[in-house]
Amino acid sequence: MPRIETEVRLDFKDVLIRPKRSTLKSRSQVDVQREFRFLNSKRTWSGVPVIAANMDTVGTFEMAVELAKLEFITCVHKHYTPQDWATFAAKHPDVLPTVAVSGGSSAADVEKITAILKSHPDIRFICLDVANGYSEVFVQAVRNVRSAFPEHTIIAGNVVTGEMVEELLLSGADIIKVGIGPGSVCTTRKQTGVGYPQLSAVLECADAAHGLNGHVISDGGCTCPGDVAKAFGAGADFVMLGGMLAGHDESGGDKIEINGKLLKKFYGMSSSEAMKKHNGGVAEYRASEGKSVTVPYRGPVSGTCKEILGGVRSTCTYVGASKLKEISKRTTFIRVSQQLNEVFGRAPNEQEEQVSKKQKTG
């Protein structure tokens, strides 16, 4: 019999972070680095726990090169060939430890991942990514990949509830991707009615993972630096970004000019555009669960990354956290009916403003 859970689940837009007494004098005092030891691979990692999503127009080799300079991680999209990887590895061998090779649960994907990892042993991360991480087929794929690569750090998802986080960790994953439907170009919730508000999903999944010494990624739903900070405050060990990193020089695809404005294309990996590009079209038995949009051209991604980290550092000063590690212990969320005063409209994106000015003067 169908049942209703009456407890209200929350999204980033439903809360604000309550400020607390702080001894910090400047944002520059905040350490945004983290160091982790992973549950099953037993590897240690240190860096800034922000990850570029494994999407065509985000998780590119060009993005990986730039984000490596900031000690971010890039989950490279799965549509590069082994030859593409060989060319990239020859040019940028120092970037390989900061990237994940991505794939799904199919035999072809696992075979491709295996070929790439055998050719490039410096790659330390594997990202096993499917829309529905609740499938037993996916759990078995995680077990198989763990058996084949005992020392690689496995990212697996997506799920939104604690029991499945535990299942995947016990099956060999190290980091669980949390999020079904929150992405800016994802239409899963509309097409299927399935999903879970992202803030509550992160809170519940982080609690389950940390009980087993596992880790979680908040994947999707961030629209601004404040959302990234809320995800960390909710217990996310990493935050994965798609839309916030789209539209840059490193994002793949050509610039489009419409009415004098430069734009770039951004689309979900379950959109009809992605399926036409990689699978020859949308299969008769399924529906598109993503959309294709154009976003303002934003120039180099480094500027946006600095803005994101600046916002997170500022959050830490408001709650008295001298290290990013401390933010979840210092965070108290308050439910709100309104977050912003938008009497003069949306605040401009500084990166977009700078690019727009250059276009006008150029």
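Glycine is no exception: its Cβ is also placed from the backbone N, Cα and C atoms.
Per Swiss-Prot, the feature NADP(+) binding site maps to 26-27, LYS78, 129-131, 180-181, MET269, 285-286, 314-317. Of all Cβ atoms in the protein chains displayed, 24 besides its own lie within 10 Å of the Cβ of GLY181 (K(+) binding site).
Swiss-Prot lists GLY181, GLY183, CYS186, ARG189 with the feature K(+) binding site. In this structure, GLY183 (K(+) binding site) belongs to neither helix nor strand by DSSP; it is coil.
According to Swiss-Prot, the feature active site, thioimidate intermediate maps to CYS186.
According to Swiss-Prot, the active site, proton donor/acceptor annotation covers THR188.
Summarising the annotation, Swiss-Prot assigns GMP binding site to ASP219, GLY220, GLY221, GLY242, GLY243, GLY268, MET269, SER270, ARG286, ALA287, SER288, GLU289, GLY290 and lists similarity to another entry as the type of evidence. When secondary structure is read from DSSP and collapsed to three states, ASP219 (GMP binding site) falls in the strand class. In this view, ASP219 (GMP binding site) is surrounded by 31 other Cβ atoms within 10 Å of its Cβ, with every protein chain counted.
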(request) Provide, as an integer number of angstrom, the distance between the C-alpha atoms of LYS78 (NADP(+) binding site) and ASP219 (GMP binding site). (result) 17
(message) Restricting to the binding-site residues ILE180, GLY243, THR317, which ones have a CA within 10 Å of the CA of ARG189 (K(+) binding site)?
(response) ILE180
(message) Can you give me the Cα-Cα distance between VAL130 (NADP(+) binding site) and GLY290 (GMP binding site) in Å, rounded to a whole number?
(response) 14
(request) Just give me the nearest neighbour of THR188 (active site, proton donor/acceptor) among the binding-site residues GLY181, GLY221, THR315, Cα to Cα. (result) GLY181
